[in-house]
Amino acid sequence: MPEVVDTCSLASPASVCQTKHLHLRCSIDFTRRVLSGTAALTIQSQEDNLRSLILDTKDLTIEKVVINGQEVKYTLGERQSYKGSPIEISLPIALCKNQEIVIEISFETSPKSSALQWLTPEQTSGKEHPYLFSQCQAIHCRAILPCQDTPSVKLTYSAEVSVPKELVALMSAIRDGEAPDPEDPNRKIYRFSQKVPIPCYLIALVVGALESRQIGPRTLVWSEKEQVEKSAYEFSETESMLKIAEDLGGPYIWGQYDLLVLPPSFPYGGMENPCLTFVTPTLLAGDKSLSNVIAHEISHSWTGNLVTNKTWDHFWLNEGHTVYLERHICGRLFGEKFRHFHALGGWGELQNSIKTFGETHPFTKLVVDLTNTDPDVAYSSVPYEKGFALLFYLEQLLGGPEVFLGFLKAYVEKFSYKSITTDNWKDFLYSHFKDKVDILNQVDWNTWLYSPGLPPVKPNYDMTLTNACISLSQRWITAKDDDLNSFSSADLKDFSSHQVNEFLAQMLQNAPLPLGHIKRMQEVYNFNAINNSEIRFRWLRLCIQSKWEEAIPLALKMATEQGRMKFTRPLFKDLAAFDKSHDQAIRTYKEHKASMHPVTAMLVGKDLKVD
């Protein structure tokens with residue numbers, strides 16, 4: 001088979017050389033907003049007569065490159081937009097196959113690094129100390145340090161990080177001690193070790209006034225002190241989720257499973273950084289109702305972090321399997337009907353994404369072609385929900401959940417510590433179900449994997465928990481003005497928060513509604529008083545799409561007081577599409593841009609066609 005090319009990386013491919021270990025020594029400078037230090041990369045040649053190699057960098061200043069104590073020649077290539085600049089390093093000796101060399105690169109990041117957000121004290125809960133966090137997925141690790149920034153290469157790492165002594169540093173690794181910085185009594189050095197090989201997008205760092213509380217035998221929850229108690233309560237189910245995940249996926253090999261609750265500008269719901277999952281504070285609903293995100297990040301400890309997509313074209317392998325595991329964890333905890341309820345909700349989200357892109361858009365394919373495309377721009381619910389739908393469909397085709405979970409466990413065992421493509425997955429599926437090849441051959445593989453739009457088949461879903469949401473949404477959609485008095489707060493008295501959210505998702509698929517309906521909905525249900533972020537998000541979108549001017553300040557507030565892109569991007573888009581809030585939306589974006597996460601700022605700017 002031809003070699004799979006990672007079009008998102010400018011570095012030498014895994015077939016030429018492979019980074020085996022990184023030792024990072026760095027110092028965090030909050031005044032200049034830079035990370036500076038040395039990255040010592042242990043690189044193994046994969047061919048004979050290797051005389052030079054290329055690494056990814058982005059907005060890095062390179063001070064020198066040293067091999068065996070000697071400075072060597074290097075060339076920093078021209079910037080290639082979102083891909084950054086390749087650095088070509090000349091080797092002092094030609095390497096033969098499997099020979100290893102340590103390359104020590106002294107570097108400094110840019111204050112504009114796309115991987116880092118630097119927060120002022122005012123942007124934190126405590127208001128006293130600055131804060132730094134990283135987000136490397138998909139291709140931002142190169143904006144922190146020179147690397148082969150591709151998920152096809154896995155490495156172990158160790159680190160020593162110097163920070164102001166009143167702050168705490170954490171990484172996606174096992175904590176390995178702390179000591180005063182011998183070079184500066186006002187600083188402290190934190191040490192870390194990650195002994196499981198990982199793709200470099202899983203390297204992560206946070207520095208802030210962090211505290212922790214133990215919530216399980218292998219779990220501390222970390223945050224600023226203002227959020228610690230609330231977070232400990234919200235995520236108390238973590239250990240029971242981990243145990244179920246081990247039952248489904250095999251032993252948890254990472255040792256620690258800590259959680260970090262970040263400041264509100266964190267751009268994602270969660271990030272599966274090994275040993276330290278990062279999560280958004282928008283999960284702090286007060287009733288544990290958004291804990292499926294924790295189940296999702298836990299599941300990545302197997303699908304994504306152990307078995308990894310070889311390139312970002314195959315991102316669905318990470319996310320589809322992880323959503324599949326996540327929903328099984330929630331099913332074990334809350335019942336099979338609940339699993340089906342969320343599965344069907346996911347199909348609705350897939351419909352929304354396809355409607356947003358357009359049904360022929362290439363980003364609606366399961367396997368995408370990211371040649372000359374920034375993965376951040378292509379990102380959507382498609383790899384998650386189209387991927388899940390394929391696995392859920394296969395489950396139903398091949399004999400049910402137990403049968404398919406058997407496949408999943410075997411898949412994890414087969415491909416642990418490797419990076420794979422969709423073809424590798426499909427070949428293994430066929431070999432695992434070799435007695436059911438006739439059934440597998442009924443699958444319209446080409447449409448499922450490589451065609452845009454909705455899948456060719458919709459799986460079967462148990463409707464028990466969804467029916468109440470549908471019937472209430474249908475009542476509202478069909479109601480005439482005279483019927484509005486028939487609604488009351490009693491409509492929702494038997495609804496879980498998940499069902500309230502699904503009801504609003506149904507309404508949103510039928511937006512806009514007459515303004516009178518929206519005002520009546522607020523009168524009887526008082527949705528403005530609900531702080532659950534998922535419910536509030538859908539309610540405010542429904543209000544803006546139905547052109548309720550009174551909701552404009554509330555929607556602008558939600559779009560800016562947190563930065564989870566799932567919420568911020570659609571809210572800004574809806575506000576910009578409403579003539580009464582268009583100018584205000586653009587003005588608000590411009591005012592907040594400098595304090596937004598760099599990726600969020602870039603994508604909202606694209607959405608609003610600003611810049």
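Quick reminder: no glycine exception, Cβ is built from N, Cα and C everywhere.
Per Swiss-Prot, these features apply:
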- Glu297: active site, proton acceptor (ACT_SITE)
- Tyr384: active site, proton donor (ACT_SITE)
- Gln135, Cys136, Gln137, Pro267, Tyr268, Gly269, Gly270, Met271, Glu272, Arg564, Met565, Lys566: peptide binding site (BINDING)
- His296, His300, Glu319: Zn(2+) binding site (BINDING)
- Tyr379: site 'Covalently modified during suicide inhibition by leukotrienes' (SITE)
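A gap of 14 Å separates the Cα atoms of Tyr268 (peptide binding site) and the residue listed as 'active site, proton donor'. Closest by Cα distance to Gln137 (peptide binding site), from the recorded positions Glu297, Tyr379, Tyr384, is Tyr379.
Under DSSP, Glu297 (active site, proton acceptor) is assigned to a helix (H, G or I) in the three-state scheme. The binding-site residues near Tyr384 (active site, proton donor), taking a 10 angstroms Cα-Cα threshold over the set His300, Glu319, Met565, are Glu319.
If you compare Cα positions, His300 (Zn(2+) binding site) sits closest to Glu272 out of the recorded positions Gln135, Gly270, Glu272, Tyr379, Met565. With the fewest other C-beta atoms within 10 Å around its C-beta, Tyr379 stands out among the recorded positions Tyr268, Tyr379, Tyr384.
Using a 10 angstroms CA-CA radius around the residue listed as 'active site, proton acceptor', the recorded positions that qualify from Gln135, Gly270, Glu272, Tyr379, Met565 are Gly270, Glu272. Spacing of Gln135 (peptide binding site) relative to Tyr379 (site 'Covalently modified during suicide inhibition by leukotrienes') is 15 Å (Cα to Cα, whole number). Cβ neighbours within 10 Å of Glu272 (peptide binding site), excluding its own Cβ and spanning all shown chains: 24. In sequence order, Gly269, Gly270, Thr322, Val323, Glu326 are the residues near His296 (Zn(2+) binding site), counting only same-chain partners six or more apart with C-beta under 8 A. The least crowded of the recorded positions Glu297, Glu319, judged by other CB atoms within 10 A of its own CB, is Glu319. The two recorded residues, Glu272 (peptide binding site) and Glu319 (Zn(2+) binding site), show a Cα separation of 11 Å. Secondary structure at Gly270 (peptide binding site), as computed by DSSP, is strand.
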